[in-house]
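Participant: I am attaching a structure below and will ask some questions about it afterwards.
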Ligand code: SAH
Ligand code: SF4
């Protein structure tokens with residue numbers, strides 16, 4: 001049986017036509033599923049009973065299911081989802097002091113890029129998520145915790161290695177017949193895949209882009225992110241420049257601060273150099289331990305980075321550490337038993 005969440009509104013209309021169901025019914029059903037978040041045909045009260053019956057004979061309602069939730073002291077909540085093939089993923093809901101309520105979604109089961117500092121990367125790679133598995137994380141969390149203000153594609157996996165499904169999921173999330181989620185309230189974080197950054201720049205929307213830089217020095221970046229051996233920084237920088245010129249939008253550069261690895265005075269000079277002339281916003285991220293030899297930078301080093309970037313007129317933020325006690329912090333998602 002086909003999963004009804006695999007259809008966008010247009011393809012649902014065509015499928016309904018094949019089943020001799022009037023087109024306007026597709027819109028009604030879409031509203032129930034994607035706006036009212038009702039996941040049971042029998043509860044779709046404005047549909048004739050026979051139609052509800054036909055729908056349940058022809059379509060499955062296939063969404064991930066929440067297996068377990070973990071609540072942190074700082075109110076961060078981590079969700080462990082089970083997928084239809086028995087694999088598992090995690091998503092996180094974060095409440096910021098400025099009132100933002102952000103869902104961090106996964107796009108792959110594991111991640112093939114194996115960054116040295118990231119638990120997901122160390123856990124290996126199983127497969128891409130389907131669009132409905134991505135949307136499903138948002139729907140189930142929103143249904144349980146209304147009032148979500150932001151969505152970040154920053155959980156497990158590399159979104160730009162699952163580009164088609166990521167785009168499909170965004171189109172459904174921002175659709176008027178669905179959650180109608182604000183485009184500017186959605187961000188995608190990528191390790192930096194130049195061809196996809198260029199394609200992303202041409203998408204007709206306002207979704208934001210973040211690039212995990214982590215080092216502006218080839219040697220150090222290759223040590224941290226093996227993909228850098230194949231894609232030099234100059235190509236990433238060119239793609240970012242293209243994105244900015246095409247969209248006029250600022251790009252966030254994420255920089256995890258790791259003691260004595262990418263927080264040296266030389267590393268700072270390389271970072272300043274990389275940012276020169278780019279419309280960027282640097283997000284300094286405290287390193288969250290994943291049990292290896294890396295350590296978080298000292299506060300005085302983080303402050304030096306902050307001050308120097310500000311003095312050089314580069315926008316900079318320091319990300320709060322959240323959910324560390326439940327392994328829900330950035331880079332810690334790898335469904336380790338607690
Ligand atoms: N693959 C994408 C998105 C998922 S990773 C990417 O790399 O951008 C999401 C974020 O978690 C990235 O900003 C990454 O730099 C950060 N991250 C990974 N491991 C981390 C760790 N141990 N401590 C802090 N941040 C980490
Ligand atoms: Fe993959 Fe991002 Fe983790 Fe690197 S940081 S391994 S790209 S999820």
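In case you wondered, yes, glycine gets a Cβ from its N, Cα and C as well.
What you see is a predicted model, and the numbers here were worked out from it, not measured in a lab.
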Participant: The S-adenosyl-L-methionine site in TrEMBL lists 157, 158, 212, 213, 214, 288. Which one of 132, 187, 189, 245 belongs there according to the record?
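Facilitator: So, going by the record in TrEMBL, that would be 189.
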Participant: Near ligand 2, meaning Cβ under 6 Å from any of its atoms: which of the recorded positions 90, 111, 115, 213, 214, 288 fit that description?
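Facilitator: Near ligand 2, sequence order: 111, 115.
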Participant: Would you please pick out, from the binding-site residues 115, 212, the one with the fewest other Cβ atoms within 10 Å of its Cβ?
Facilitator: 115
Participant: Quick one: pull the CA-CA distance for residue 214 (S-adenosyl-L-methionine binding site) versus residue 118 ([4Fe-4S] cluster binding site), whole Å only.
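Facilitator: With the alpha carbons as reference points, the distance is 12 Å.
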Participant: Tell me, which recorded positions from 90, 115, 118 are within 10 Å of residue 158 (S-adenosyl-L-methionine binding site) if we use the C-alpha atoms?
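Facilitator: None, since no candidate lies within 10 Å.
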Participant: Per-residue pLDDT averaged over the domain 'Radical SAM core' (97-325) comes to what?
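Facilitator: Computed over the domain 'Radical SAM core' (97-325), the mean pLDDT is 96 on the 0 to 100 scale.
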